[in-house]
Every structure is written in structure tokens, then in C-alpha cells.
Amino acid sequence: MSKALSLPRHLSRNATATATATSSLRTTRRLQLPRHYATVSPTPPARDPADLDQITTLPNGVRVATEDLPGHFSGIGVYIDAGSRYENDALRGVSHIIDRLAFKSTSHRSADQMLEAIETLGGNIQCASSRESLMYQSATFNSAVPDAIALLADTIRDPQNTEEEVERQLETADYEIGEIWGKPELILPELVHMAAYKDNTLGNPLLCPKERLQSIDRRTVEAYRKAFFRPERIVVAFAGVNHHEAVKLTEHYFGDMKAPGITTSAAAPSLDAPQDQAAQPLQPPYPTSQTPPQKDSSLMSKIPFLKSMSTSAPRPATVSPLDPAQIIPHPLDQPITYTTPSHYTGGFLTLPPLPIPPNPSLPRVSHIHLAFESLPIDSPDIYALATLQTLLGGGGSFSAGGPGKGMYSRLYTNVLNQYGWVENCVAFNHAYTDSGLFGISAACGTQFVPRMLDTMARELSLLSAETGLGRLSETEVKRAKNQLRSSLLMNLESRMVELEDLGRQVQVHGRRVPVQEMVGNIEAVTIADLRRVAKQVFGGQVKNVGGGSGAPTVVLQQGEEEGVRMKEVGWAEVQERIARWGLGRR
């Protein structure tokens, strides 16, 4: 029997070490062999989403705008040039009601069928009204785009708007109005507009006045629709949809749409009529005064020419030409003026004191808004205004989070962190087609309203200072511009925001402003630009088309406190305090 050869233990260890070293050497040699690496082509620059934008205008005036940026969801929106700024006395408050009537019964679906179709669609579908636009929007799966635009077209073009539906929404609006009037943070921004543009355009209430609810009925709603739901006032926007497909869908659902008052009979001018014929005035886009009178209407008795009409003559009766000045039209027959510029008036508005809250742990506060007329949305300086708003920033007295939320903004560092009696302080900037509002809203302890007003005026005045510790610095301006850019780009990641941005820009500018252009304009803003714009806005030197007064706008609602007599703050004192800081005109 042979025995296996066994080495001494120390020799065995040496042999193992030698084998390991040899193996490592072979591995090292293998690693040192030349190898061919993959080559990477230079990355092409990212395309601006605006490069994918296309706009087509249909023969009837409807504009189709698309941004063919792929994604799992698509967005479809219909934007109508309507809203509270265009309302006359007879239509006051209808914008608030019209968006509540969306997605109810139509000529093709009952209300239950409409609701079922929306739930089957999935995604998000909504309607909202603003001062200058009425928006119907949907975000849905790519495969459901035809179904989504069919629903939007159905509720826009063929709603039933029955008396029962209108009455139900008026009742809901009545409750909603009461709730909003009890919340200063919701109603005061509305009242700022009403005070800033007294009795005109942008000062028309977005929230239906309670006293108007009894005057709105189905006929009023239809008059509103006939005045504003016109093809030349409509933009249909698609995000994530091929342009050719979008145009086909829009032609199918909106291509046959004609302005109210245009008929296909030979007696009325058509879209294909000769220029001299088509240029004749159209019939009024609302119920005419020649329709049969309602039982509760005394319209016919107010028309003097009816007394001269006779059917008992031996020959056919004739009616002499009428003097239009002698006709007293029904209020709903009053023409709508679409191009009236907004006129900024400024002013002071106070509300009844806030009652003591039932919960003793809740703070007793007064609310104050200070605003000035600013620049319209198409102004080149709109980027400087947006930077100023971000630089001021603001928020509540308590905010979870760090500097990324704007904790280094001026209203945080100079106001909220300095005064314990300030509950919140925020800068706001509202831009419209021909005007705008810029200012600060705040809530403070009931006894600190005068100091709060001084503090707000001081922060606005420092924006134009060229010397002193409060002047603008390169660091904070750079921070504000970075925050503004990141906010813009992150918001556009949302399909619904992207869609609304596309539709509203085409509606206002006639084109989509590229993102890179907006980012470049933000980067180009300098401290000198910020000071110049601040002097213009807060000095009451804005020269918009409406010819504003340059005066400040202040809305105040003081709060009550147990055992403390409230000192009323008057307009004279408010003007004096604001004037001390060189703001506005008196």
C-alpha cells in the first residue's frame, strides 16, 4: 500500500503561498492586457420643449396648440377668452356659476352618464374660471385622448344647463360665498382687486356677489355663453399629442363651430361671403329684445314705436326706419366690450372687525394687504418683478423646512424672524394682459396694525435703495434668481402645469415662449433692473394703457380682542404712513 506524500507543515505553507502569488501574477497580467473601450458620442444639447410646439388656426378661428413631448399621460385643455373682467352689469357673477355648471347634462349625455364617463376616463378633469380666462382641462392616458376631448367638447358646446341644474349650483354658490367671506385669507385678495380697479374690468368680482344670485337664471347663463363661447376666442391645447392628430380631433369637435348670430341661411353673411358682405355687423351674440317677452317683463311697453304699428289699414302696414337711440334694450341685450382697458384707481377698503375666535388658543389677528399697480404680463420687466417677488418671499410664523423653502428671503429674515407679533407675511404678484398688482399681505397682532403697515412699506422702499445696509446684494439676488428658475422648471414637470402654460401663452401672446428664453431672461436680470422696476412700481410711475392713478391700494380687516378697545385706522393715517417711505402717489 502506498502512502500519500506529505510535506512538512512549514513547506506546505510555503507552497500554498507560492501558488497564490503565481495566480495573482497571472491575474495581474490578464488585467494589464490591452482592451478596447466603448466610445461615447458627444451628448447633443437638450431640446427646448418649445421646439416641439406647433400652432394651427382653423378656418373658423379656433387655434390649436400642441407640444409633442412624450410621456405616459397626455393633457388636453380648452381655453376661452372669458372671465369676470369682461362681464357687464347684466352678466355680473356668471363666470363663477358657469364653471360650476361644467360636466353636467348635455344634449348627448345625462348628468349621470357624464359622471360615469369621467370616472371611466381616469386621470384628472376640471373646469376653472379666472379674471381673464375660462379653462376646461384634462390629463389622461394617451389612448384616451379622443374620449377626453369628446367630453370637453360636449360640455362646452352642448350643455343642457337646465333650470334645475342652474338653481342647484346657485344654492351651492350661496353656501360657498358665505364660507369664503368668513375666511380673510381667501376674501381679502379678492377685495384688493375690487379696491384697486374700482367698478371696472379687473375690479369685477370673481366671486359672484350674493345679491346677484337671485338675478341669475338659465337665460343669463345662455347669454354669457353666446357672448364669449365664440371660435375666435378659443384655444385648444394638447400636451404629449401629435400635432396632426390634435388638429384632426379639433376639426372634428370644434371645426363646425360658428360665432353666435351667424347662420347658414342666404340672408345672413357666412364665413365665405364677400368681404363687403362679411364686414356688416353681426347679430347680437345674446338674446335679442325682439323675442317674445316673458310674463314678468315690461320690455315691450318700453318700446315707443310699437304704438305706431297697425294691421287694420287697407294695404300692408309699413314701419318707418327706427332711430336706435329710441329703443330701450333688455339688460341682457347690452353689448359686451371685449377691449376696455383696465383702469387702476387704488383706494382703501375696510371690513367689519373679525369676531373673537371661539377657540381661546387661536391667535387674535388683523389682516392687511398693501398693493401697487404693476406691469402687464407681456412687459419685458415681468422677469424683474418675478425676481423681486421671490426675493421678498415670505410665509408663516412657523414653517417646517430649511433654506430651500425660502427661509433666507427678506420677509423671513427682516420681518418674521424679527417680530413675534407677525403671524404671516407674503409677497404677491398678479400679472394680467394690460395691468398687474404687486404687494405684500400680512397678518399681525390686533394692536400692531400701524407698525405692520410701516414694516411692509419699509421693505418695499428698500428694494430701490442704492445705499445703506438694506440695499440689494449680489448674493440675495443670485439666490432669488436660482429659486425662480428652479421653481419654473420644476413646475413644468407637471403635465397639467405644462398644458395650462401652453394654452394660456398662446391665448395671451399668440405663441409659446420657450423655456430657455424665459430662463435666459431671468439670468439677465441685474440689480440695476430690480431697482429701476421697484422705483417705477412702488413710486406710482407705472404707465399702462388704462392710465392708472399711481395711488396705493390698502385693504384692512382688524381683529377684536378681549378687554382691548380697538383703535380704528383711517385712510388719512394709512396714506401718511405710506408717503413717509416715498411710496405711491396721493
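For all residues, glycine too, the Cβ spot is worked out from N, Cα and C.
What TrEMBL annotates here:
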COMPBIAS  13-26  compositional bias 'Low complexity'
COMPBIAS  265-281  compositional bias 'Low complexity'
DOMAIN    63-210  domain 'Peptidase M16 N-terminal'
DOMAIN    216-284  domain 'Peptidase M16 C-terminal'
DOMAIN    364-484  domain 'Peptidase M16 C-terminal'
REGION    1-52  region 'Disordered'
REGION    265-298  region 'Disordered'
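Per-class residue totals from DSSP over the domain 'Peptidase M16 C-terminal' (364-484), listed helix then strand then coil: 49 helix, 33 strand, 39 coil. Across the domain 'Peptidase M16 N-terminal' (63-210), DSSP classifies residues as 74 helix, 29 strand, 45 coil.
Looking just at the domain 'Peptidase M16 C-terminal' (216-284), the mean pLDDT is 75.
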